[in-house]
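Notes follow once the structure below has been shown.
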């Protein structure tokens, strides 16, 4: 298994909240006005004196909601700092681990051919054994194998990521021009992350590594992180923002669509870094890779 580092590209890096003054006045005003028109700001959190008592009832989930942070305190989206390396890695690691059961069980619904194959295996078991008990155990065994191989592949992917770009975020995202890494901070704690990397060959920016701590989802943090990448791309004068995801949850796809991304297609033949492509792995692990694009301007 070989895990190569991601290619880095060259472009002047401008961080949205800190480098606006480096632009000429007219251009700065025009770009920020365009950004504000496309992505209106999140509702301002009320001050402590005006905050009403919390209402009883269920809280939203999924990372795309517009509710304010707990107790009305604001979330700050800013550049990554070297001291936050472990916190960022933890959020990334925990977020990817959640995909093990999602890929093993929920993801099966995206692969009708695999479902048919498993049904044929169960039918074959009954034809050979004439035992209803053994036949009923076949689906449970197949799901157990799906979980095992999903865990195996995703842990191998994490091993690759944690030894390439996530091994040294400062080196991979903060030092090279044309890339950046942001964190969402609440009460001094990192609760979300996102990265951007430019591709000079087609004048696009790729959105990467977006993840929010599971305890703070449903508060609009993921959307705020996504907007920061879009503003970064606009200020750099890139033509589009692109991303790829293997997420199974519908909420993740709704988040991208709410930011203005268009679904450009999906592939069932994507090879996740860390895969060995063994026969058993192909039989019990499948992932669908979705591509999204947000066109900012025509070339």
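The backbone N, Cα and C atoms fix where each Cβ goes, and this holds for glycine too.
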Give the range, chosen from 17-43, 44-70, that Swiss-Prot lists as region 'Disordered'.
44-70
Could you put numbers on the helix, strand and coil content of the domain 'N-acetyltransferase' (143-280), residue by residue per DSSP?
58 helix, 40 strand, 40 coil
